[in-house]
Amino acid sequence: MSSKLIAPSILAADFGNLQRDIEMVNNSEADWFHIDVMDGHFVPNISYGMPVIAAIKKHATKPLDVHLMIEKPERYIEEFAKVGADIITVHYESTVHLHRTLRQIKDAGCKAGVVLNITTPLVVLEDILPECYMVLLMSINPGFGGQKFEDVTYKRIKNLRQMIDAQGLDTRIEIDGGVTDQNIQRLVEAGADTFVAGSHVFGSDNPTATIKTLRELANS
Ligand code: DX5
Ligand code: ZN
């Protein structure tokens, strides 16, 4: 299986000290920045958009993993690419022409991924998997950080890994929501390889050490 990656979620950073928190991630063992974009329609919360991502890009030395929780994301793909997104994931539930949207992401020079809400059946991925660099399985209801991990995710990871293997692909499986040092190893055993962590990292006394621990546990 591919190497395990840790993507701290900027949603849980201190926005008054954003540059400090970006430098922390730069200097840590983290692999990516996870950036949650929310529009107040697809999810009941509003986060940030292009100007903030452009500001993060100015300081970040690692790839930006941009998770779009917005309706009709196809309207903004080129703009997110322009401000510095490296990976763009869109919700299956948010776009009618998913295949076209993924092509649009790739044409804009980014890696493309699909996100599924907790109750969206995995079977919808069957024919689109070859187009996906990554599948993000939500392990909470999207919209807010700091929620409790939903156990149904373990079964979903196992089934998705089987589906990916059956097609002979090496698609990443990213898990987002409630990831901690208590569940990351079980998530790896189930077949996940990419982990978003927000409150567990930024809410800890020593975020750099917390990232290091997550990385070690994921790779052990
Ligand atoms: C929520 C976001 C997550 C969030 C995770 O909709 O997609 O990326 O930041 O936060 P934690 O790790 O605190 O559950
Ligand atoms: Zn996210």
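Heads up, the Cβ atoms here are built off N, Cα and C, so glycines get one too.
Note: TrEMBL annotation is automatic and uncurated.
Copied over from TrEMBL, here are the features:
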type     : residues                                                                            : note
BINDING  : SER9, HIS67, GLY143, PHE144, GLY145, GLY146, ASP176, GLY177, GLY178, GLY198, SER199 : substrate binding site
BINDING  : HIS34, ASP36, HIS67, ASP176                                                         : divalent metal cation binding site
ACT_SITE : ASP36                                                                               : active site, proton acceptor
ACT_SITE : ASP176                                                                              : active site, proton donor
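In sequence order, ALA12, GLY145, GLY146 are the residues near SER199 (substrate binding site), counting only same-chain partners six or more apart with C-beta under 8 A. DSSP assigns HIS67 (divalent metal cation binding site) to a strand segment in the three-state reduction. The CA atom of GLY178 (substrate binding site) is located 15 Å away from the CA atom of ASP36 (divalent metal cation binding site). Take the mean position of the Cβ atoms of HIS34, ASP36, HIS67, ASP176, the recorded divalent metal cation site; other residues of that chain with a Cβ within 8 Å of it are ALA7, SER9, LEU11, ILE35, ASP65, VAL66, THR89, LEU136, VAL196, GLY198. Listed binding-site residues: GLY143, GLY145, GLY178. The one with the lowest count of other Cβ atoms within 10 Å of its Cβ is GLY143. If you compare Cα positions, GLY143 (substrate binding site) sits closest to ASP36 out of the binding-site residues HIS34, ASP36, HIS67.
Note on proximity: among HIS34, ASP36, HIS67, the binding-site residues of the record, the Cα nearest SER9 (substrate binding site) is that of HIS34. In the three-state DSSP assignment, the secondary structure recorded for HIS34 (divalent metal cation binding site) is strand. Distance between Cα atoms for ASP176 (substrate binding site) and ASP36 (divalent metal cation binding site): 10 Å, as a whole number. Sequence-distant neighbours of ASP36 (divalent metal cation binding site) (same chain, 6+ apart, CB under 8 A from its CB) are SER9, ILE10, LEU11, SER47, HIS67, MET69, GLY145.
A Cβ distance below 6 Å to any atom of ligand 2 is met, among the binding-site residues GLY145, ASP176, SER199, by ASP176. The full span of the recorded substrate binding residues, SER9, HIS67, GLY143, PHE144, GLY145, GLY146, ASP176, GLY177, GLY178, GLY198, SER199, taken as their largest Cα to Cα distance, is 17 Å.
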